[in-house]
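All remarks here apply to the structure that follows.
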Protein chains: 2
Amino acid sequence: MAIPNIPSEGLKFLALGGLGEIGLNMSLFEYGDDIIIIDCGLMFPEPYMLGIDMVIPDISYLRERSDRIRGILLTHGHEDHIGALPYILREFNPPIYGTALTLGLVKEKLKEYDLDTKTDLRVVKPRGKVELGENFEVEFIRVAHSIVDGCALAIRTPEGVVIHTGDFKLDQTPVDGELTDLATFARYGEEGVLALMADSTNVEREGYTLSERLVGDAFEEIFPRCEGRVIVAAFSSNVHRVQQVVWAAEKTGRKILLNGRSMIANVQIARELGYLKIPDGLLIDLKELPRLEKSEICMITTGSQGEPMSSLTRIAMDDHKQIKLEEGDTVILSSRFIPGNEKTIADLMNHLYRRGAEVIHEKVSEVHVSGHASQEELKLLHNLVRPLYFVPVHGEYRHLVKHAQLAQKVGLPKERTILAVNGDVVVFSGLEACIADHVETGRVFVDGKGVGDVGNVVLKDRKHLSEDGMVVVIIGINQGSGEIIYGPDIVSRGFVFEDESQQYLDEAKKVVLDTLALVNPEVMTDWSEVKLEVRRVLRRFFNKTIERRPVILPLILEM
Amino acid sequence: MAIPNIPSEGLKFLALGGLGEIGLNMSLFEYGDDIIIIDCGLMFPEPYMLGIDMVIPDISYLRERSDRIRGILLTHGHEDHIGALPYILREFNPPIYGTALTLGLVKEKLKEYDLDTKTDLRVVKPRGKVELGENFEVEFIRVAHSIVDGCALAIRTPEGVVIHTGDFKLDQTPVDGELTDLATFARYGEEGVLALMADSTNVEREGYTLSERLVGDAFEEIFPRCEGRVIVAAFSSNVHRVQQVVWAAEKTGRKILLNGRSMIANVQIARELGYLKIPDGLLIDLKELPRLEKSEICMITTGSQGEPMSSLTRIAMDDHKQIKLEEGDTVILSSRFIPGNEKTIADLMNHLYRRGAEVIHEKVSEVHVSGHASQEELKLLHNLVRPLYFVPVHGEYRHLVKHAQLAQKVGLPKERTILAVNGDVVVFSGLEACIADHVETGRVFVDGKGVGDVGNVVLKDRKHLSEDGMVVVIIGINQGSGEIIYGPDIVSRGFVFEDESQQYLDEAKKVVLDTLALVNPEVMTDWSEVKLEVRRVLRRFFNKTIERRPVILPLILEM
């Protein structure tokens, strides 16, 4: 692939993922010989990506410029910002900059891939600055979000300062007291900012996003009236959420059982780094459960999305050895219903109710708040930073459009809001800016150990297989005489229930035989025509008799 | 199957579907020799039901008692209440009672199955009464809902009166002025009601459900400020919604283009029956479009759920011949985001924004209201009817639990709220009531022309196939000598991209050959052992090398 022709002058901004989609956040700035990367996230597979484990950005663009990469800057430790690192670090290994918790989570992840000792992780504190190459100086700016230790970035370049917010909200009463550092945003605003790139996730929401502290208030209102066990399901990375559960449990005399691999790992990391305070005596393990009254138990667990293999789902299905729910038990789903998971979560709740438990969730109580800024917060930020240009980031296309409209509402001229998507190369030069070029970007599918070997052909086959299954037709032919010496035999999977449909499959065999009878074996040299014909007649037969369209695989074996 | 032993005394109530799930509404009352059926609905397939077209209730219970069925009573014309009729009517054909529009929609549906002339459809007006068998007299009671002409049923039986609400809300300003007939509910309440069965869909929502009229207000606010085309996507059965779009279009000088097979059919039925008023000159067809300014066009269409084959999706993908969206066009999604469809709808919106259109939907404007009663409406109904017993219906399990709790809040003793699920036989006898028995019920999958032939084995195979595809291994064996005379050959679908993975599949063949080499053909009589071994080694090989678990189908052909 030829290197695309991109103007060599000026500051370039380019997203390899995350612009026009949720997840896969990875973008880069380029000036002269220097490239810096912001975040390196994955995307969880969408429903049509059958069998795919995760999606990572296509980094072809970087591959050809890897000697110019000066570092990867991480805004925070969520999977959609750090999850693709292990795959990218296999190819090039620049220093990685982030706050202590962010890098703590990265390190844990790299251990799984045996990359932790080979990677140069450099902790930066909020208001700390790092230089990258000749052309970049980056200051980390504290922001509040649904994970602790998140930061925005102020990137000083020869063309001016660019502010990239990462994921943020303006929580006025954050659990750890670490406010979004508006003073620093204001300082840059006073100095003059070339461009602002800001989180668009919640741009459709009016008003302000509620403070994380309100969730703690909800816990403190709910816990005292729970007679039985309390089970709180939350994302393991939401350290403040866990902290507030701990406080509520402590106040109501409950011990805490941690559950779920990532919950246990993340709590340990956060405790070690001082972001989470749990008195030693408060934590118990499974074998201590029987010694406690139900009213002395609080479980903090993963599985809030109804993941089929999670122990919360097993508990709900009454399939957990140590925990049998009863009337009086309470389950709090303290997380967002991620779009696409609504049905699975509803099933989880129905099963919990069948066990007799009461279920509390975000739709009926303040047991979850978002980590992303709503419209009024975004307006405040725009007014504080007052950039020359605005590029909405972190959102699906409609979010980017809405965020551009919001910027215009607070006074930015339309021609200075730049609506870029993945691959668009935004060039800033001498206070001018435009989308100057477009490079190929894409999504790489990870399926097991295979990275990128599953493409659209394979996915299309999986989709087809999933709908009507597969029918294999085997015919053995004598290579010399062309006589049928085996079959036709028909084997199917996912098509009809074979035990009850033998007669039907026998009819299908007859259809194949009728087709073969028309073939004169003596003049037959190319059996691929016959294959096509067998597929055609069977497709017609199945469509007419049963209205199904299985994948049909005719195997004609010349022996 | 033996007929279950159910107490022969008293009034029996039994749901074959809809109790503990959304959709599939079908229940029955039984007294002496008489059975009456309430509704006969389908369920749209859940994501795990791969390749399934629709789901209908299992009617085994009725099959053995078909001579006692006195009629089917329909509360309203939604698919989850009438959709299974064509399948049920193939087996028995009792008279069907419903209001004019409900039966108009049923007739249209039966035409497709050639059943319309064979079925005895009997129109009943609200406050009309019908007698069924010796033991039932049923009065239809007008209710407001998201389809016109809906009714609740007051079922007079030798044990007392049972009120079944169907789907309802208490809209105080319905578009057609047809209020939920609270006077009749009150009259029965004064007389004394044995049992109430009421819609639980919205029991999680506080307060009151908004009036349908508010959607009209929203249209009248939105339409005048639209410069280009207005496209409104709604459910075709929502006649009042269509009426309000028509009014807004008329007022702003727009002609109306109907789009979508069911939209065109339902509008015609509703107009013929007088439920929908559209002046003749207002409707246009596609070929008249070019003659009109964009500001003179209003399209009413199906496809609000982002259905891939709908023309709204084609318009959004810029794949529609006559309609190319531009900046200034407005798309109003005037319907609920059905759980499970959120991602598809979000994709639809993103594509519409890419075309330059503005999108308005229920999350940002009052362009949709629910058709089901919220908590305060349910409380009012309970207080008006004051039944001796309450059985929550029409909901997932958590809705039924919440509705039972609501009934208790307005004063019904807990022991008189009966939490029944599909198959539970509730018996009312001498003012006593209990769940006396449970019969088998279930879901029957319709896949193409096959009804019930796809079961869990086939679905499990489809799931497995969808995740990692299929690998077929073909080995031809000489029946006499046991020699390998063909293969091993490996063919796959949905597993790896074969063009790029030939080398990998060759390695797999070698693994099979190594296994076969261990077999002594001279003592081999049962090749099924070898098949199992081939599957085992390949499974291990794929798991180790690539971490995938395809369906492996070893074919050992003895010739």
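Backbone N, Cα and C define each Cβ position, glycine as well.
Remember, TrEMBL labels are computer predictions, not curated facts.
In the record from TrEMBL, residues A:G51, A:D53 bind Ca(2+); the candidate from A:D347, A:D424, A:D437, A:D447 listed for the same site is A:D447.
Going through A:H145, A:H361, A:H368 against TrEMBL, the one listed in the Zn(2+) 1 site together with A:H76, A:D80, A:H81, A:D167, A:H394 turns out to be A:H145. Distance from the CA of A:S370 (substrate binding site) to the CA of A:D53 (Ca(2+) binding site) is 26 Å. Cα separation, A:H394 (Zn(2+) 1 binding site) to A:D199 (active site, proton donor), rounded: 5 Å. Taking 8 Å as the upper bound (exclusive) on CB-CB distance to chain B, the recorded positions A:G51, A:H78, A:H145, A:D199, A:H394 give A:G51 in sequence order. For A:H76 (Zn(2+) 1 binding site), the Cβ neighbour count at a 10 Å cut-off comes to 27, with all displayed protein chains included. For the binding-site residues shown (A:S236, A:N238, A:S370), fewest C-beta neighbours within 10 angstroms: A:S370.
Residues A:N25, A:D39, A:G41, A:T75, A:H78, A:I147, A:G150, A:G166, A:D199, A:G371 surround the recorded Zn(2+) 1 site, their Cβ atoms falling within 8 Å of the Cβ centroid of A:H76, A:D80, A:H81, A:H145, A:D167, A:H394, which are themselves excluded. Counting in whole angstrom, A:D447 (Ca(2+) binding site) lies 31 from A:S370 (substrate binding site) by their C-alpha atoms. Cα spacing between A:H81 (Zn(2+) 1 binding site) and A:G371 (substrate binding site): 14 Å, rounded to the nearest whole number. The binding-site residues A:G51, A:H76, A:H78, A:D80 include none with a CA atom within 10 A of the CA of A:G371 (substrate binding site). Nearest to A:H76 (Zn(2+) 1 binding site) in space, judged by Cα atoms and limited to the recorded positions A:G51, A:D199, A:H368, A:S370, is A:D199.
Measuring Cα to Cα from A:H372 (substrate binding site), the recorded positions that fall within 10 Å are A:D167, A:D199, out of A:D80, A:D167, A:D199.
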